[in-house]
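TrEMBL has this to say about the protein:
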type     : residues : note
COMPBIAS : 37-47    : compositional bias 'Basic and acidic residues'
DOMAIN   : 88-195   : domain 'Calponin-homology (CH)'
DOMAIN   : 255-362  : domain 'Calponin-homology (CH)'
REGION   : 1-57     : region 'Disordered'
Amino acid sequence: MSSAPLRSPALRPHRMKKDESFLGKLGGTLARKKKAKEVSDLQEEGKNAINSPMCPAPVEVHPEDSLLEENEERTVIDPTSRDDPRFKELVKVLIDWINDVLVEERIIVKQLEEDLYDGQVLQKLLEKLADCKLNVAEVTQSEIGQKQKLQTVLEAVQELLRPHSRPLQWTVDSIHGKNLVAILHLLVALAMHFRAPIHLPEHVSVQVVVVRKREGLLHSSHVTEELTTTTEMMMGRFERDAFDTLFDHAPDKLSVVKKSLITFVNKHLNKLNLEVTELETQFADGVYLVLLMGLLEDYFVPLHNFYLTPDSFDQKVHNVSFAFELMLDGGLKKPKARPEDVVNLDLKSTLRVLYNLFTKYKHLE
(Lines of atoms letter the chains of each structure in order from A and count residues from 1; the text may use other names and numbers.)
(Lines give C-alpha, C1' and ligand atoms only; values in the text may rest on other atoms or scores of the structure.)
Protein backbone atom coordinates (compact mmCIF):
# COMPACT_ATOMS: atom_id res chain seq x y z
CA MET A 1 0.00 0.00 0.00
CA SER A 2 2.92 2.32 0.60
CA SER A 3 4.78 3.87 -2.27
CA ALA A 4 8.46 3.01 -2.65
CA PRO A 5 10.98 5.71 -1.69
CA LEU A 6 12.17 7.86 -4.55
CA ARG A 7 15.56 6.88 -5.79
CA SER A 8 17.91 9.52 -7.01
CA PRO A 9 18.66 9.13 -10.71
CA ALA A 10 22.07 7.70 -11.46
CA LEU A 11 24.64 10.28 -12.48
CA ARG A 12 25.39 10.10 -16.18
CA PRO A 13 29.04 10.42 -17.15
CA HIS A 14 29.90 13.54 -19.15
CA ARG A 15 30.59 13.08 -22.84
CA MET A 16 34.32 12.63 -23.39
CA LYS A 17 36.11 15.55 -24.89
CA LYS A 18 38.02 14.89 -28.11
CA ASP A 19 41.30 15.96 -26.53
CA GLU A 20 40.92 13.70 -23.48
CA SER A 21 44.17 11.81 -22.83
CA PHE A 22 44.59 8.10 -23.24
CA LEU A 23 45.47 7.80 -19.54
CA GLY A 24 42.24 9.54 -18.61
CA LYS A 25 40.25 7.08 -20.68
CA LEU A 26 42.14 4.17 -19.15
CA GLY A 27 41.53 5.49 -15.61
CA GLY A 28 37.81 5.80 -16.27
CA THR A 29 37.67 2.27 -17.63
CA LEU A 30 39.45 0.86 -14.58
CA ALA A 31 37.13 2.78 -12.22
CA ARG A 32 34.07 1.41 -13.98
CA LYS A 33 35.45 -2.14 -13.84
CA LYS A 34 36.15 -1.74 -10.10
CA LYS A 35 32.62 -0.49 -9.49
CA ALA A 36 31.16 -3.35 -11.54
CA LYS A 37 33.28 -5.82 -9.53
CA GLU A 38 31.85 -4.40 -6.27
CA VAL A 39 28.33 -4.83 -7.59
CA SER A 40 29.08 -8.40 -8.65
CA ASP A 41 30.58 -9.26 -5.26
CA LEU A 42 27.60 -7.87 -3.36
CA GLN A 43 25.09 -9.64 -5.54
CA GLU A 44 27.03 -12.89 -5.13
CA GLU A 45 27.02 -12.52 -1.34
CA GLY A 46 23.37 -11.65 -1.05
CA LYS A 47 22.14 -13.80 -3.96
CA ASN A 48 18.48 -12.90 -4.31
CA ALA A 49 18.06 -12.17 -0.60
CA ILE A 50 17.95 -8.43 -1.24
CA ASN A 51 14.54 -9.03 -2.80
CA SER A 52 11.50 -9.38 -0.61
CA PRO A 53 11.01 -12.96 0.69
CA MET A 54 7.29 -12.65 0.06
CA CYS A 55 7.64 -11.20 -3.44
CA PRO A 56 6.00 -13.41 -6.07
CA ALA A 57 8.55 -12.54 -8.73
CA PRO A 58 12.22 -11.57 -8.44
CA VAL A 59 12.96 -7.88 -8.56
CA GLU A 60 15.90 -6.66 -10.58
CA VAL A 61 18.59 -5.14 -8.40
CA HIS A 62 19.91 -1.92 -9.91
CA PRO A 63 23.70 -1.63 -9.79
CA GLU A 64 23.54 1.83 -8.28
CA ASP A 65 21.35 0.48 -5.47
CA SER A 66 23.84 -2.28 -4.72
CA LEU A 67 26.91 -0.07 -4.32
CA LEU A 68 28.06 0.56 -0.78
CA GLU A 69 29.80 3.63 0.54
CA GLU A 70 32.87 3.29 2.72
CA ASN A 71 31.93 1.70 6.10
CA GLU A 72 28.35 1.19 4.91
CA GLU A 73 26.64 -2.09 5.82
CA ARG A 74 23.97 -4.12 4.09
CA THR A 75 22.07 -6.98 5.76
CA VAL A 76 20.22 -9.67 3.81
CA ILE A 77 18.50 -12.91 4.80
CA ASP A 78 20.01 -16.13 3.50
CA PRO A 79 17.65 -17.67 0.90
CA THR A 80 17.58 -20.97 2.78
CA SER A 81 16.23 -19.25 5.88
CA ARG A 82 13.56 -17.48 3.86
CA ASP A 83 12.28 -20.86 2.70
CA ASP A 84 12.07 -22.27 6.23
CA PRO A 85 8.41 -23.18 7.01
CA ARG A 86 8.61 -21.72 10.54
CA PHE A 87 9.93 -18.43 9.19
CA LYS A 88 7.14 -18.28 6.63
CA GLU A 89 4.61 -19.10 9.35
CA LEU A 90 5.95 -16.30 11.57
CA VAL A 91 5.61 -13.78 8.73
CA LYS A 92 2.07 -14.97 7.95
CA VAL A 93 0.94 -14.92 11.59
CA LEU A 94 2.20 -11.35 12.04
CA ILE A 95 0.62 -10.14 8.79
CA ASP A 96 -2.73 -11.69 9.75
CA TRP A 97 -2.49 -10.13 13.21
CA ILE A 98 -1.81 -6.64 11.82
CA ASN A 99 -4.71 -6.96 9.39
CA ASP A 100 -7.04 -8.10 12.19
CA VAL A 101 -6.05 -5.15 14.37
CA LEU A 102 -6.44 -2.62 11.55
CA VAL A 103 -9.54 -4.09 9.91
CA GLU A 104 -11.61 -1.02 10.88
CA GLU A 105 -8.99 1.24 9.28
CA ARG A 106 -9.46 -0.63 5.99
CA ILE A 107 -5.74 -1.28 5.87
CA ILE A 108 -4.49 -4.49 4.31
CA VAL A 109 -0.85 -5.46 4.67
CA LYS A 110 0.55 -7.89 2.11
CA GLN A 111 4.32 -7.47 2.45
CA LEU A 112 5.90 -6.37 5.72
CA GLU A 113 8.89 -4.60 4.18
CA GLU A 114 6.93 -2.72 1.53
CA ASP A 115 3.98 -1.77 3.73
CA LEU A 116 5.68 -0.88 7.03
CA TYR A 117 8.89 0.90 6.06
CA ASP A 118 7.44 4.44 5.81
CA GLY A 119 5.85 4.44 9.29
CA GLN A 120 2.25 4.91 8.16
CA VAL A 121 0.99 1.42 9.07
CA LEU A 122 3.18 1.24 12.17
CA GLN A 123 1.62 4.50 13.38
CA LYS A 124 -1.91 3.16 12.94
CA LEU A 125 -0.98 -0.17 14.53
CA LEU A 126 0.55 1.41 17.64
CA GLU A 127 -2.32 3.87 18.03
CA LYS A 128 -4.81 1.02 17.89
CA LEU A 129 -2.91 -1.27 20.25
CA ALA A 130 -2.02 1.41 22.81
CA ASP A 131 -5.28 3.38 22.38
CA CYS A 132 -3.37 6.61 21.86
CA LYS A 133 -2.87 9.32 19.25
CA LEU A 134 0.60 10.16 17.97
CA ASN A 135 1.45 13.70 16.94
CA VAL A 136 2.64 12.98 13.42
CA ALA A 137 1.64 14.01 9.91
CA GLU A 138 -0.90 11.65 8.40
CA VAL A 139 0.71 11.39 4.97
CA THR A 140 4.42 11.84 4.28
CA GLN A 141 5.89 11.26 0.84
CA SER A 142 9.41 12.57 1.35
CA GLU A 143 12.13 10.42 2.83
CA ILE A 144 12.80 13.01 5.54
CA GLY A 145 9.11 13.10 6.48
CA GLN A 146 8.89 9.32 6.59
CA LYS A 147 11.93 9.05 8.85
CA GLN A 148 10.59 11.76 11.14
CA LYS A 149 7.33 9.81 11.49
CA LEU A 150 9.25 6.59 12.10
CA GLN A 151 11.33 8.33 14.77
CA THR A 152 8.19 9.41 16.62
CA VAL A 153 6.58 5.97 16.36
CA LEU A 154 9.71 4.10 17.49
CA GLU A 155 10.26 6.48 20.41
CA ALA A 156 6.71 5.70 21.54
CA VAL A 157 7.44 1.97 21.20
CA GLN A 158 10.63 2.36 23.22
CA GLU A 159 8.73 4.16 25.96
CA LEU A 160 6.26 1.27 26.15
CA LEU A 161 8.92 -1.45 26.17
CA ARG A 162 11.36 0.29 28.50
CA PRO A 163 10.15 -1.44 31.70
CA HIS A 164 11.08 -4.80 30.19
CA SER A 165 14.70 -3.71 29.64
CA ARG A 166 14.86 -5.51 26.32
CA PRO A 167 17.61 -4.30 23.96
CA LEU A 168 16.09 -2.74 20.86
CA GLN A 169 16.95 -4.64 17.70
CA TRP A 170 15.75 -2.06 15.20
CA THR A 171 16.47 1.53 14.22
CA VAL A 172 14.83 4.18 12.08
CA ASP A 173 17.32 3.48 9.30
CA SER A 174 16.85 -0.31 9.41
CA ILE A 175 13.05 -0.08 9.32
CA HIS A 176 13.08 2.56 6.58
CA GLY A 177 15.68 0.51 4.72
CA LYS A 178 13.16 -2.38 4.55
CA ASN A 179 15.28 -4.64 6.75
CA LEU A 180 12.88 -7.54 7.27
CA VAL A 181 14.78 -8.91 10.27
CA ALA A 182 14.50 -5.56 12.08
CA ILE A 183 10.80 -5.28 11.19
CA LEU A 184 10.14 -8.80 12.53
CA HIS A 185 11.99 -8.03 15.78
CA LEU A 186 9.79 -4.95 16.22
CA LEU A 187 6.52 -6.77 15.51
CA VAL A 188 7.37 -9.72 17.78
CA ALA A 189 8.17 -7.26 20.59
CA LEU A 190 4.82 -5.49 20.08
CA ALA A 191 2.93 -8.79 19.98
CA MET A 192 4.59 -9.87 23.21
CA HIS A 193 3.97 -6.55 24.98
CA PHE A 194 0.31 -6.33 24.02
CA ARG A 195 -0.24 -10.08 24.56
CA ALA A 196 -1.57 -10.52 21.05
CA PRO A 197 -4.14 -13.33 20.69
CA ILE A 198 -1.87 -15.21 18.32
CA HIS A 199 0.46 -18.18 18.57
CA LEU A 200 3.97 -17.23 17.48
CA PRO A 201 5.94 -20.22 16.20
CA GLU A 202 8.74 -21.05 18.62
CA HIS A 203 12.49 -21.16 17.99
CA VAL A 204 12.49 -19.24 14.72
CA SER A 205 15.99 -18.21 13.65
CA VAL A 206 17.41 -16.94 10.38
CA GLN A 207 20.86 -16.89 8.87
CA VAL A 208 21.79 -13.34 7.94
CA VAL A 209 24.53 -12.23 5.54
CA VAL A 210 26.12 -8.96 6.65
CA VAL A 211 28.09 -7.17 3.91
CA ARG A 212 30.37 -4.27 4.86
CA LYS A 213 32.67 -2.07 2.82
CA ARG A 214 36.05 -1.25 4.37
CA GLU A 215 38.97 0.37 2.61
CA GLY A 216 37.25 -0.09 -0.72
CA LEU A 217 36.72 -3.85 -0.27
CA LEU A 218 33.57 -5.81 0.52
CA HIS A 219 33.63 -8.07 3.57
CA SER A 220 30.86 -10.50 4.45
CA SER A 221 29.97 -12.47 7.55
CA HIS A 222 27.16 -14.82 8.52
CA VAL A 223 25.28 -14.41 11.79
CA THR A 224 22.25 -16.15 13.29
CA GLU A 225 19.35 -13.93 14.30
CA GLU A 226 16.94 -15.41 16.85
CA LEU A 227 13.45 -14.05 16.15
CA THR A 228 11.43 -16.10 18.66
CA THR A 229 12.21 -18.36 21.60
CA THR A 230 9.60 -20.30 23.59
CA THR A 231 6.12 -19.01 24.38
CA GLU A 232 6.97 -18.90 28.09
CA MET A 233 10.13 -16.88 27.52
CA MET A 234 8.53 -14.50 25.04
CA MET A 235 5.60 -13.77 27.31
CA GLY A 236 7.85 -13.04 30.25
CA ARG A 237 7.37 -16.25 32.22
CA PHE A 238 10.89 -17.31 33.01
CA GLU A 239 10.26 -19.66 35.95
CA ARG A 240 10.40 -23.28 34.94
CA ASP A 241 8.00 -25.68 36.57
CA ALA A 242 7.38 -29.41 36.80
CA PHE A 243 5.79 -29.47 33.35
CA ASP A 244 8.88 -27.97 31.72
CA THR A 245 10.92 -30.73 33.34
CA LEU A 246 8.34 -33.35 32.36
CA PHE A 247 8.34 -32.34 28.69
CA ASP A 248 12.11 -31.91 28.48
CA HIS A 249 13.41 -34.84 30.52
CA ALA A 250 10.63 -37.35 31.14
CA PRO A 251 8.32 -37.42 28.12
CA ASP A 252 7.68 -41.11 28.78
CA LYS A 253 5.79 -40.14 31.94
CA LEU A 254 3.58 -37.68 30.09
CA SER A 255 0.98 -40.33 29.26
CA VAL A 256 0.68 -41.22 32.95
CA VAL A 257 -0.01 -37.59 33.88
CA LYS A 258 -2.55 -37.20 31.08
CA LYS A 259 -4.34 -40.39 32.13
CA SER A 260 -4.59 -39.18 35.74
CA LEU A 261 -6.02 -35.82 34.65
CA ILE A 262 -8.50 -37.42 32.26
CA THR A 263 -9.72 -39.68 35.06
CA PHE A 264 -10.09 -36.66 37.34
CA VAL A 265 -12.06 -34.46 34.93
CA ASN A 266 -14.31 -37.29 33.74
CA LYS A 267 -15.27 -38.15 37.32
CA HIS A 268 -17.01 -34.76 37.41
CA LEU A 269 -17.99 -34.18 33.78
CA ASN A 270 -19.70 -37.58 33.66
CA LYS A 271 -22.37 -36.05 35.92
CA LEU A 272 -23.42 -34.07 32.83
CA ASN A 273 -23.02 -37.09 30.57
CA LEU A 274 -19.83 -35.59 29.12
CA GLU A 275 -16.55 -37.40 28.61
CA VAL A 276 -13.05 -36.30 27.72
CA THR A 277 -10.61 -38.45 25.74
CA GLU A 278 -8.15 -35.80 24.45
CA LEU A 279 -7.06 -33.06 26.81
CA GLU A 280 -5.38 -30.79 24.25
CA THR A 281 -8.41 -30.51 21.96
CA GLN A 282 -11.52 -30.90 24.11
CA PHE A 283 -10.66 -28.05 26.48
CA ALA A 284 -9.56 -25.67 23.72
CA ASP A 285 -12.92 -23.92 23.33
CA GLY A 286 -13.30 -23.32 27.09
CA VAL A 287 -16.75 -24.91 27.38
CA TYR A 288 -15.65 -27.94 29.39
CA LEU A 289 -13.47 -25.72 31.59
CA VAL A 290 -16.43 -23.51 32.50
CA LEU A 291 -18.71 -26.47 33.17
CA LEU A 292 -16.00 -28.21 35.17
CA MET A 293 -15.56 -25.18 37.43
CA GLY A 294 -19.31 -25.13 38.10
CA LEU A 295 -19.24 -28.80 39.02
CA LEU A 296 -16.18 -28.46 41.26
CA GLU A 297 -17.58 -25.42 43.08
CA ASP A 298 -21.14 -26.82 43.08
CA TYR A 299 -22.98 -24.04 41.27
CA PHE A 300 -24.80 -23.54 37.98
CA VAL A 301 -23.08 -21.28 35.46
CA PRO A 302 -25.65 -19.12 33.63
CA LEU A 303 -25.49 -19.87 29.92
CA HIS A 304 -25.46 -16.19 28.98
CA ASN A 305 -22.04 -15.82 30.61
CA PHE A 306 -20.24 -17.91 28.00
CA TYR A 307 -20.61 -19.38 24.53
CA LEU A 308 -21.95 -22.92 24.66
CA THR A 309 -21.09 -23.49 20.98
CA PRO A 310 -18.27 -21.04 20.20
CA ASP A 311 -17.49 -20.70 16.51
CA SER A 312 -14.67 -18.15 16.50
CA PHE A 313 -11.26 -17.72 18.07
CA ASP A 314 -12.43 -14.70 20.11
CA GLN A 315 -15.42 -16.60 21.52
CA LYS A 316 -13.16 -19.47 22.60
CA VAL A 317 -10.74 -17.04 24.25
CA HIS A 318 -13.70 -15.46 26.04
CA ASN A 319 -14.75 -18.85 27.41
CA VAL A 320 -11.29 -19.78 28.68
CA SER A 321 -10.81 -16.32 30.18
CA PHE A 322 -14.16 -16.64 31.94
CA ALA A 323 -13.12 -20.04 33.30
CA PHE A 324 -9.92 -18.43 34.62
CA GLU A 325 -12.05 -15.81 36.42
CA LEU A 326 -14.07 -18.58 38.03
CA MET A 327 -10.83 -20.21 39.18
CA LEU A 328 -9.71 -16.95 40.81
CA ASP A 329 -13.10 -16.67 42.51
CA GLY A 330 -12.59 -20.22 43.79
CA GLY A 331 -9.35 -19.24 45.50
CA LEU A 332 -6.90 -20.60 42.95
CA LYS A 333 -3.87 -18.62 41.82
CA LYS A 334 -3.94 -16.92 38.44
CA PRO A 335 -3.17 -19.58 35.82
CA LYS A 336 0.31 -19.44 34.39
CA ALA A 337 -1.03 -20.17 30.92
CA ARG A 338 -2.67 -17.62 28.66
CA PRO A 339 -6.21 -18.24 27.43
CA GLU A 340 -4.87 -17.90 23.88
CA ASP A 341 -2.37 -20.71 24.51
CA VAL A 342 -5.14 -23.08 25.58
CA VAL A 343 -7.25 -22.15 22.55
CA ASN A 344 -4.22 -22.71 20.31
CA LEU A 345 -3.99 -26.34 21.51
CA ASP A 346 -0.82 -25.82 23.54
CA LEU A 347 -0.78 -29.06 25.55
CA LYS A 348 1.62 -27.83 28.21
CA SER A 349 -0.61 -24.82 28.97
CA THR A 350 -3.73 -26.98 29.15
CA LEU A 351 -2.03 -29.45 31.48
CA ARG A 352 -0.92 -26.63 33.79
CA VAL A 353 -4.49 -25.38 34.11
CA LEU A 354 -5.98 -28.82 34.74
CA TYR A 355 -3.24 -29.82 37.17
CA ASN A 356 -4.02 -26.77 39.31
CA LEU A 357 -7.63 -27.94 39.48
CA PHE A 358 -6.53 -31.50 40.22
CA THR A 359 -4.31 -30.34 43.09
CA LYS A 360 -7.15 -28.49 44.82
CA TYR A 361 -10.15 -30.65 44.03
CA LYS A 362 -8.75 -34.20 43.75
CA HIS A 363 -10.32 -35.25 47.06
CA LEU A 364 -13.85 -34.30 46.01
CA GLU A 365 -16.25 -37.19 45.60
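From the backbone N, Cα and C atoms, a Cβ is placed for every residue, glycine too.
Annotations in TrEMBL come from automatic prediction, not curation.
Counted with DSSP, the domain 'Calponin-homology (CH)' (255-362) comes out as 73 helix, 0 strand, 35 coil.
For the domain 'Calponin-homology (CH)' (88-195), the DSSP-based tally of helix, strand and coil residues reads 74 helix, 0 strand, 34 coil.
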